[in-house]
Amino acid sequence: MIIGVPKEIKPAENRVGMTPAGVLEMTKAGHTVYVQSGAGTGTDFYDEDYEKAGARILPTIEEVYAIADMIVKVKEPIEPEYKLIKENQLLFTYFHFASCEPLTKAMIEQKAICLAYETVETPDRKLPLLVPMSEVAGRMATQEGAKYLERFYGGRGLLLGGVPGVPPAKVLVIGGGVVGTQAAKMASGMGADVTIMDLNIDRLRYLDDVMPENVNTLVPNEMTIREAVKDFDVIIGAVLIPGAKAPKLITRDMLPTMKQGTVLVDVAIDQGGCFETSKPTTHQDPTYIIDDVIHYTVANMPGAVPFTSTLALTNATLPYALQLANKGWQKACNENSALKLGLNIVKGDVVYKGVSEAFDLPYVPVEEILNK
Ligand SMILES: NC(=O)c1ccc[n+]([C@@H]2O[C@H](COP(=O)([O-])OP(=O)(O)OC[C@H]3O[C@@H](n4cnc5c(N)ncnc54)[C@H](O)[C@@H]3O)[C@@H](O)[C@H]2O)c1
């Protein structure tokens, strides 16, 4: 198969869909990989690295789209890319269709085969191509919380881990899933006094078993949250209700009860945020202050660490990309139910229920397409 790896053109996106190591695996399997010149520079991979791994370099994005049977990238195509996509071309990337009607309509029109990272789902209901980014965001959340506690940034002037004779900062993590667990792990490793809240008591039981002694668990409700916010120095929001907007767990009226310079890190901002006062920010201008409380609400946190994020993402995507290249998308999806669930739009038909419902578009069961 001919595989194309274009350079991401979404603003501030430095990740790349395939590393030189991925190119080597693809070429070993007999495929040809065309990489756009400069596609990996944001991640510190250069054209020579790709060439050494067996890739051919093309100077423009137009040439990459024109030659490839399968495009492997990171972010959803943006407007200038729409017209480059060919009928029957397989696109393997994040799409998040339900949040973008123009993208959905454009992919239907181009009659592409759109396999979305975010809906690839294993039989045990895990999302293997979303988890790596949650792991990055979770670990980063603590790092950012620690940074903005510094007085220079308006924080309380507190060192997260304290020092002998001086107590550490108190970190509250609301939501003990992938993001919350990684955030708590980092915070406890740095010596903070950590509490994790989650509605799922079985999850709290598990976390209580595996976390170090400086991590406590607590069941959240309005009263416990209202009391807790007065006392914690960093509060990390990491809840997820699949398919729904995040619930507002910290409300505007709680802010004046917090200590001056408390840092709120709302990782759930990509689902609307779990603090009432959260609004999305960017890496260029990541924070704002309301009532002396610092808000860090960057919607694409992993974008700040493209090297780590690219490796984490491609470690997870490459085995699936190889299956698609080796077998073709139809056979690969028929044989792997996780990949099958990744299909969202196929040659003009919407085959993912959530996408058809979001925009009131006709839904075609994916089996009808695969068995054609
Ligand atoms: N900003 C970013 O760059 C970025 C990156 C990755 C993930 N995210 C977001 O981070 C959030 C968490 O993702 P995840 O992968 O950890 O999800 P997850 O499903 O692994 O974990 C979510 C946890 O929240 C808990 N929960 C749900 N409602 C709750 C409530 N009211 N109170 C307390 N706990 C509650 C669930 O029981 C679950 O354990 C999501 O909104 C995700 O989209 C953001």
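From the backbone N, Cα and C atoms, a Cβ is placed for every residue, glycine too.
The following features are taken from TrEMBL:
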type	residues	note
ACT_SITE	HIS96	active site, proton donor/acceptor
ACT_SITE	ASP270	active site, proton donor/acceptor
BINDING	ARG15, LYS75	substrate binding site
BINDING	SER134, ASP198, ARG203, VAL239, LEU240, VAL267, ALA268, ILE269, ASP270, VAL298, ALA299, ASN300, MET301	NAD(+) binding site
DOMAIN	4-137	domain 'Alanine dehydrogenase/pyridine nucleotide transhydrogenase N-terminal'
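For ligand 1, the nearby recorded positions are ARG203, ALA268, ASP270; that is, of HIS96, ARG203, ALA268, ASP270, these have a C-beta under 6 Å from one of its atoms. Taking each of the recorded positions ARG15, LYS75, HIS96, ARG203 in turn and counting other Cβ atoms within 10 Å of its Cβ gives the largest count for ARG15. Of the listed binding-site residues, namely LEU240, ALA268, ALA299, MET301, the sparsest CB environment within 10 A is found at ALA299. Confidence in the domain 'Alanine dehydrogenase/pyridine nucleotide transhydrogenase N-terminal' (4-137), given as mean pLDDT, stands at 96. A C-beta separation below 8 Å, combined with a sequence spacing of at least six in one chain, links ASP270 (active site, proton donor/acceptor) to PRO280, ALA299, ASN300.
Long-range neighbours of SER134 (NAD(+) binding site) (same chain, six or more residues apart, CB within less than 8 Å of its CB): GLY177, VAL178, VAL179, GLN182. In terms of Cα distance, the binding-site residues that sit within 10 Å of HIS96 (active site, proton donor/acceptor) are LYS75, chosen from LYS75, ARG203, LEU240, ALA268, MET301. Nearest to LYS75 (substrate binding site) in space, judged by Cα atoms and limited to the binding-site residues ARG203, LEU240, ALA268, MET301, is MET301. For the binding site of NAD(+), formed by SER134, ASP198, ARG203, VAL239, LEU240, VAL267, ALA268, ILE269, ASP270, VAL298, ALA299, ASN300, MET301 according to the record, the largest Cα to Cα distance is 26 Å, rounded to a whole number. Separating the Cα atoms of MET301 (NAD(+) binding site) and ARG15 (substrate binding site) is a whole-number distance of 12 Å. Geometry remark: ALA268 (NAD(+) binding site) versus ARG15 (substrate binding site), CA distance 21 Å.
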